[in-house]
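Report on the structure given below.
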Amino acid sequence: MTITRFAWALTLTYATRTCANHLALLDGEVVGMIGLHLQFHLHHVNWIGEIQELVVMPQARGLNIGSKLLAWAEEEARQAGAEMTELSTNVKRHDAHRFYLREGYEQSHFRFTKAL
């Protein structure tokens, strides 16, 4: 993705009050980010905080940055009235699966996708 396309996408997410993003800095450098999207789900009859992006740079892993970013998103969702947070991760990302389980997340669904 080009920086121009990323800037466009970030601007679009800020255009609605249902999106929030947070950066993690280390020694003045961006080393992580999280994107939270609040959505009202009819099947929950409540707000859900969907974590759509969570990235920690490889050199910053193991420094508790991912945990802090998740805690930030969970508190944002809680304050917005969400009943839970949820996220998806690729089936191949075993380290991420262990991280989310360690953070108290439960595997509860299968997600299917189809390219259009």
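Here the Cβ of each residue, glycine as well, is placed from N, Cα and C on the backbone.
Taken verbatim from TrEMBL:
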- 1-116: domain 'N-acetyltransferase' (DOMAIN)
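Here the domain 'N-acetyltransferase' (1-116) returns a mean pLDDT of 91 for the predicted model. Secondary structure of the domain 'N-acetyltransferase' (1-116) per DSSP, as helix, strand and coil residue counts: 39 helix, 36 strand, 41 coil.
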